[in-house]
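These notes are about the structure you will find just below.
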Protein chains: 2
Amino acid sequence: MEALGVIVEYNPFHNGHLYHLQQSKNLTNPDVVIAVMSGQFLQRGEPALVSKWERTKMALLNGIDIVVELPYAFATQKAEVFATGAVSILSELRVDSFCFGSEQGNIEDFNRTVQLMGEKSDPYHSSVQKYIKEGNSYPKASSLAFSETFQNENVIDLTQPNNILGFHYVKAVLELGSPIQPFTIGRTTAGYHDEQLYPSNIASATAIRKHLFETNREIQHVQDYVPAPTFSVLQQIKSFHRWEDYYSLLKYKILCSTPEQLRTFYEVEEGIEYRLQECMKKSKTFQEFMTMLKTKRYTWTRLQRMCTHILTNTTKDEMKRVTEKKEYSYVRLLGMSKAGQHYLREIKKDITIPIISNVASFSDDGLALDKKATIAYSIPLSEPERSAFIHKEFSQPPIRFDEELRKFV
Amino acid sequence: MEALGVIVEYNPFHNGHLYHLQQSKNLTNPDVVIAVMSGQFLQRGEPALVSKWERTKMALLNGIDIVVELPYAFATQKAEVFATGAVSILSELRVDSFCFGSEQGNIEDFNRTVQLMGEKSDPYHSSVQKYIKEGNSYPKASSLAFSETFQNENVIDLTQPNNILGFHYVKAVLELGSPIQPFTIGRTTAGYHDEQLYPSNIASATAIRKHLFETNREIQHVQDYVPAPTFSVLQQIKSFHRWEDYYSLLKYKILCSTPEQLRTFYEVEEGIEYRLQECMKKSKTFQEFMTMLKTKRYTWTRLQRMCTHILTNTTKDEMKRVTEKKEYSYVRLLGMSKAGQHYLREIKKDITIPIISNVASFSDDGLALDKKATIAYSIPLSEPERSAFIHKEFSQPPIRFDEELRKFV
């Protein structure tokens, strides 16, 4: 069986995702599509709008055959680590190809850029250091160094968020020595950060979430921008998750910790622990807190990721133990179609790591972070929903979808 | 000037407290009365119904001249440590006498019991160990050992909660070699744990709080049981604090920590960290959690204190640093009358430790715990009240009361 991989957040699954999925299938003609999907917290350091289980349902209903979880230790990281984690899992699951969306839209440009970057690695990294010393954030410094190093070369535009991710995907494939064939598809209409709902039926996930929050979840207005199955899942959801719901917890965590304790959390560096406490004392909302905290040196996204790690109580030591390993110790299965189930049976003999269906009986440093993330994610819910939500993390078997009958079984 | 000391929680100040205060004044005829009062969390491991500032107002309005804070490191401890902390502060403040309520009501009985206990310390402690090994809680084992050791002696009944505290007060005076003269007054009508509102105008603080919570703060019903000034303070309060308001935070803290992290918190011993997590996963309210957690080995109060330390993020190391010191490094002033102010000026030349009016500029391990306690205490409030409440902890000068004009100045 031919397998295609995609790396996704589906926050929530919208028409742009469906377009990408259909184009990817047209390009590679796979028997099954495997999605590596982030769990409760996402790459920009935010809680997912709805839980990983709801997003798994959306994925299965929209044509994904297997959904596996990108562990917290990779899902909430800068592009490089995120990409390495995601591509490694696809590699473990023996996909033949994988396809990502990008602003550039041409895989040869990515291959050439990665190759050139390999050749000019030293001058590039010196240049990055120079720009960081000048007080720029890491992404800004990388972008400036990139322009400087490759000013006369035909390279991709690495100021575009999806190009950056794509670059790291292609680089990860090369570094892992993986036989996976990468493809890319140009993104249409809506940019990653766009906050508008366009008149066409494609809008960014950011715009869709913004609309849901601002209108106090009048979900009928997003109906035009999401596939019907997504809409039916959204209709059944009682509450959407956003940072403001976690502000009390974050305030508690930041102000009830000593600076020394804050420093143990992943990404809390360079004395920012004092600034975290000062800004938290003065703020009354998450937005206000972040606006005070923001400096030229730190991107908003990096600060949000830092807050995510504080919220989930994730220390530098814990993160190191997980990301230092060169190999995954498990893949967590969230859902599968009948075709997906068939594929997994087929590859079982070829793969060495366990595919986890029931986490209660499996102990692992990486999985421990996912469990904590689910607990932190659940706290703003009311009882008895919260207890049920936590229980689900430890008891829910993978969601099974019968694609012929179009229903969960 | 003659000073009388009292050791109080005033949670809230009720007619029984007023009776005790008046009797104490009659007995010792002081110029001023100094109350050492617990802050936001109390000896039974509970958040105070209302903040220390509101309770300071109640105390001043009802005839106390100086209110100082019993630091968190002593206020949330078993009787022995609580008593040592409170008596030490009274000693620092040069009181001539202090007076406590007790079931026994006769100071000679306390003196004799403390003396006998000193003489039979070894057999008593062996007996305590024996009963603990049999699976009894520490208080139960102490009580059994006490009966066994002093079965034929004329000693006080140390199964009574106020007798236990009184015993430790008198013992602390002796051990500190303090010249303070202790007095006791028999308690009338309402027992410490009584939950009934009696037809007389005296009810326990427990009964008053229970009534306020169960009737959803219909405060007119408690009017008969509290002095008028208490009632007027209670009328202005928007929300009363109780453990259930902190259940989400406690759940977050217990479930997002590793067992190793839980073990760093004060009083988390003997593998109870696993039990804390198991019971927390299964419970939906604080009451349910505590009921599951309770065993013969642990008293409800000890478990609540453990939860308080987890909630306030108080570690064994932090607590050790504060309680190991033989001397206080400060006394925190919460409020004073004109007479109180006069007294403080008078003793200033005799005392060596600073009396803190403004905590913002004072750094101390013990005070750090009080600051954290206030932050944890504030989290269930809504914004902007919560930010104002936290700001107050760092900026509020002592409350000044003009007893002649009967108003705050």
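The backbone N, Cα and C atoms fix where each Cβ goes, glycine too.
Owing to the predicted nature of the structure, the values given are computational and were not obtained by experimental measurement.
Feature annotations, courtesy of TrEMBL:
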type: BINDING; residues: B:7-20, B:GLY101, B:ASN162, B:ARG187; note: ATP binding site
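Locations of recorded TrEMBL features on the structure.
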{"residue": "B:ILE7", "record": "ATP binding site", "DSSP class": "strand"}
{"residue": "B:PHE13", "record": "ATP binding site", "DSSP class": "coil"}
{"residue": "B:TYR19", "record": "ATP binding site", "DSSP class": "helix"}
{"residue": "B:ASN162", "record": "ATP binding site", "DSSP class": "helix"}
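The binding-site residues examined here are B:TYR10, B:PHE13, B:TYR19; by Cβ neighbour count within 10 Å, the least packed of them is B:TYR19. B:GLY16 (ATP binding site) is surrounded by 21 other CB atoms, counting those within 10 A of its CB over all protein chains shown. Over all protein chains present, the Cβ of B:ILE7 (ATP binding site) has 24 other Cβ atoms lying within 10 Å. Around B:ASN162 (ATP binding site), taking its Cβ as the centre, 19 other Cβ atoms fall within 10 Å, counting all chains.
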